[in-house]
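Have a look at this one.
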Protein chains: 2
Amino acid sequence: MNYIKAFAPATVANVACGFDIFGFAIQEPGDVVEVRRIDKPGIVIKEITGDDGRLPRAAEKNAVTVVMLHLLKHLGITDLGCEVTLHKNMPLGSGMGSSAASAVAGVVAINELLGNPLTRGELLRFAMEGERIASGSAHADNVGPSLLGGFVVIRSYTPLDIFSIPVPDDLYCTLVHPDIEINTKDARYILRNEVSLKNTIAQMGNVAGLVAGLMKADYDLISRSMVDVIIEPVRSILIPEFNEVKKAAINNGALGCSISGSGPSIFALSRGMENARKAGEAMKQTFADAGIDSTLHLSGINQGGATVLERE
Amino acid sequence: MNYIKAFAPATVANVACGFDIFGFAIQEPGDVVEVRRIDKPGIVIKEITGDDGRLPRAAEKNAVTVVMLHLLKHLGITDLGCEVTLHKNMPLGSGMGSSAASAVAGVVAINELLGNPLTRGELLRFAMEGERIASGSAHADNVGPSLLGGFVVIRSYTPLDIFSIPVPDDLYCTLVHPDIEINTKDARYILRNEVSLKNTIAQMGNVAGLVAGLMKADYDLISRSMVDVIIEPVRSILIPEFNEVKKAAINNGALGCSISGSGPSIFALSRGMENARKAGEAMKQTFADAGIDSTLHLSGINQGGATVLERE
């Protein structure tokens with residue numbers, strides 16, 4: 001292969017109660033990475049679109065190429081030369097798993113270019129290195145679902161233990177991105193290092209309820225379990241109109257609503273596309289009433305994860 | 001009806017990672033309660049067997065009759081007279097849900113005597129009052145499974161939200177009760193009120209893993225998820241030989257092993273009765289090597305919960 005074009009979807013991490021352990025992929029948007037072999041050894045970034053010039057252009061500083069460099073080092077490959085183009089199709093610092101989508105598309109593209117020496121599961125830890133660059137910690141709740149698709153649970157980080165659970169067919173995601181920005185590092189920094197035992201128990205109950213609700217296709221249980229007593233009360237302070245937007249989603253048919261990743265995007269899950277749309281329009285209108293522009297995405301759950309779009 | 005005899009099974013609460021939210025019932029042992037109508041209004045305890053005279057004989061102080069009094073009050077019944085006999089078939093303060101089994105058998109018996117005015121689900125909160133008498137807090141992780149059977153998740157206490165999840169057919173429980181006693185109130189007292197966010201995340205991952213593992217019948221995932229980083233490290237200090245007994249269980253085929261409820265009983269889950277037996281014998285031998293007598297129970301998961309044994 002001389003040329004690969006790969007797509008990796010946006011993702012919703014945390015999913016209300018599952019801080020750092022839950023994430024799911026949506027169908028769109030997603031980032032696209034192109035890699036093309038060149039004669040001169042080394043990885044260079046040829047072009048980045050859609051980032052308004054904000055991402056680093058040096059290969060050793062950009063998540064998309066850092067993951068490639070890690071993978072090449074792991075495989076002992078020193079003579080490969082390639083040019084990388086990254087098409088950012090979602091905003092930076094949006095809570096939609098932007099850096100994860102770039103890193104995953106990058107690692108899938110280079111692996112395909114090399115004839116797939118590694119499996120999807122094996123690619124995970126390389127993609128996580130991209131997250132370390134972006135947020136300071138190598139979490140997997142965005143890269144996991146972006147790479148593998150579906151609803152993903154990270155049972156453990158050391159050792160890494162990740163698995164997928166089935167979701168009901170009729171589950172749809174609404175994702176509303178207000179035109180403000182939160183730095184992921186800041187969003188982590190404001191969290192307390194200690195949690196009350198009482199809140200830990202409440203959160204565990206909701207984690208158990210959400211897993212069982214998804215696996216049983218019990219929409220009421222999913223709805224009752226989409227409660228976050230630990231992270232949302234702290235992080236939501238950073239998102240103007242959060243409580244009103246959440247109320248609008250719930251009052252307009254959503255099963256539940258919370259912060260997507262570290263925000264500022266807000267997601268809702270609904271039964272059926274029509275409810276997802278109704279909730280989304282109400283959420284967008286609530287932001288608009290407060291003078292905040294926002295972008296609305298409606299999508300089913302992406303079951304396949306990252307894909308290769310073109311090969312040459 | 002003039003006479004009812006009811007059985008309620010022993011239970012394993014917490015189940016490693018699920019402090020206060022998980023519990024399951026086993027087939028035996030279990031407590032038996034007899035209620036017989038008498039002419040004189042009021043509830044009296046006629047006899048208690050198997051408790052070495054340690055349980056209170058006053059109806060307003062014993063869990064088994066307290067739950068009956070609560071239920072009668074709720075129903076507005078003031079003229080019922082009955083004599084209650086309680087057969088304790090498991091030791092007090094054992095971590096086998098002893099007080100829960102008595103309370104559940106009591107509430108099921110009196111409800112049956114009255115012609116079942118309440119459903120099983122409705123009986124739950126009355127049975128929880130028995131737990132409040134015994135342990136100082138009305139938790140549901142023993143009474144829930146003893147009443148309803150199966151593997152029970154308490155998603156929320158306020159409001160009470162409890163549901164069952166399926167378990168694989170080939171899952172067996174080993175329960176070893178060493179001949180020492182722990183007071184449930186003490187076992188709660190030594191717990192810290194704060195948990196690190198890191199441990200909360202780890203515990204949530206295991207909660208999600210155990211629910212998914214049970215529902216998928218994925219024994220490896222069940223095994224990997226039976227990890228408690230919050231409660232077991234603290235409470236196990238109260239149980240002599242805990243680490244050695246746990247090691248013996250794991251080394252002899254158990255999927256996982258932890259404290260049953262607040263201890264001192266130790267439970268293991270295994271795939272197949274033969275592994276459950278092998279693990280149990282190794283656990284019992286480990287206690288014996290340290291000079292501690294213990295009682296071994298082997299059982300499948302009880303799917304039905306409390307039952308009425310006789311009616312007259």
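Cβ coordinates are placed from backbone N, Cα and C, and glycine is handled just like the others.
Pasting the feature list from TrEMBL:
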DOMAIN    B:64-150  domain 'GHMP kinase N-terminal'
BINDING   B:P91, B:L92, B:G93, B:S94, B:G95, B:M96, B:G97, B:S98, B:S99, B:A100, B:A101  ATP binding site
DOMAIN    B:213-288  domain 'GHMP kinase C-terminal'
Restricting to the domain 'GHMP kinase N-terminal' (B:64-150), what is the model's mean pLDDT?
92
To see if you understand the setup: which same-chain residues, six or more apart in sequence, place their Cβ under 8 Å from that of B:P91 (ATP binding site)?
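B:S98, B:H177, B:E181 - these are the non-local Cβ neighbours of B:P91 (ATP binding site), listed in sequence order.
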Quick one: what's DSSP say for B:S99 (ATP binding site), helix, strand or coil?
helix
If you count other Cβ atoms within 10 Å of each one's Cβ, which of the binding-site residues B:G93, B:G95, B:G97 has the most?
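Within the set of binding-site residues, the most crowded position is B:G97.
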Any idea which of the binding-site residues B:S99, B:A101 has the thinnest Cβ neighbourhood at 10 Å?
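Relative to the other binding-site residues in B:S99, B:A101, B:S99 has the fewest Cβ atoms within 10 Å.
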